[in-house]
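Positions annotated as domain 'ATP-grasp' by Swiss-Prot: 104-287. Per Swiss-Prot, ATP binding site is recorded for K141, E178, Y179, D187, R211, S212, N213, and the stated evidence type is sequence analysis. Taken from Swiss-Prot, the feature Mn(2+) 1 binding site applies to D248, E260, supported by sequence analysis. Residues or ranges marked as Mg(2+) 1 binding site by Swiss-Prot on the basis of sequence analysis: D248, E260. What Swiss-Prot records for E260, N262 is Mg(2+) 2 binding site, and it gives sequence analysis as the kind of evidence. Annotation source Swiss-Prot lists Mn(2+) 2 binding site at E260, N262, citing sequence analysis.
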Amino acid sequence: MKIAILSRNQNLYSTKRLKEAGESLGHEVDVIDTLHCYMDISSNRPAVRFKGEALPYYDAIIPRIGASVTFYGTAVVRQFEMMGTFSINESVAISRSRDKLRSMQLLSRKGIGMPRTGFARQPDRIDDLIKNVGGAPVVIKLLEGTQGIGVVLADTQKAAESIIEAFMGLNANILVQEYIKEAGGADIRCLVVGGKVVAAMKRQAAAGEFRSNLHRGGSASLVRLSPQERKTAIDAAKTMGLNMCGVDILRSNNGPVVMEVNSSPGLEGIETATGKDVASMIIEFIVKNAKPNNTKTRGKG
């Protein structure tokens, strides 16, 4: 099988592991810089070009697209879909998951547990926005933030109002969420592949920090999931339409709540914490499911 990994950096842990796993299972795996691709979209034979020539036909692609290049990256994925190539995550699903607000609206519609959340840009009653999610302390997030950037914990009503006013001054879209104190600065990352949780780890925030992202100094350890947590992760992935993703869950007094669904989860932390060969599981899923035009939208949506 011929597989392409769409990644801007072939030396990243996740990219290297996926390439190694694919090759060890006997497949041909290329790493292609998404931003250096360009597309022929006007002819009746759609193509993706790279370094002066049309790329060969690939049986499957694995998009490893960073948040900052979502627009162009998903356009490249869509072009591959139009050519009949199987993508482990479809362009529409990636775009859907990258929009935090749309993701939460979809999860809410499916009745999946979430923290109480408000969305605003220029609210005329900041106090009511805060009150509506249960009052301070609250977590305030920039809608476009990633890896814990643009996420602030406001301990008091006054602090929350000041932070929201500051973000309003930037004309930013913001989410205001209840603070799940009982989680103790920890969350659970569930790695879902093909409708199954194949690995899970607990991420604990560093001392004095409430964000558990490993990029922010958090630590990772093995965790045992409850049946409800496992079901929540699987349901969240299904709602987003993602075959492979990381689902971040907090343990609240009301059961598991989903914080985020990540369409391009890093593999280093979870493989190290669990000792599982997640990269090979991803390749094996592709081998079983990659058939020409085996995407729901075929690049149309």
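In case you wondered, yes, glycine gets a Cβ from its N, Cα and C as well.
Shown here: features listed in Swiss-Prot, placed on the structure.
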residue	record	Cβ neighbours (10 Å)
K141	ATP binding site	24
E178	ATP binding site	21
Y179	ATP binding site	18
D187	ATP binding site	23
D248	Mn(2+) 1 binding site	20
E260	Mn(2+) 1 binding site	18
N262	Mg(2+) 2 binding site	18
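Among the binding-site residues D248, E260, N262, not one has a Cα within 10 Å of the Cα of Y179 (ATP binding site).
Annotation note: N262 (Mg(2+) 2 binding site) sits in a strand segment as assigned by DSSP.
DSSP assigns D248 (Mn(2+) 1 binding site) to a strand segment in the three-state reduction. When the C-alpha distances from D187 (ATP binding site) to the binding-site residues D248, E260, N262 are tabulated, the minimum falls on D248. Within 10 Å of N262 (Mg(2+) 2 binding site), as judged by C-alpha distances, the binding-site residues found are D248; the full candidate list was K141, E178, D248. Under DSSP, Y179 (ATP binding site) is assigned to coil, being neither helix nor strand in the three-state scheme. DSSP assigns K141 (ATP binding site) to a strand. A distance of 16 Å separates the Cα atom of D248 (Mn(2+) 1 binding site) from that of K141 (ATP binding site).
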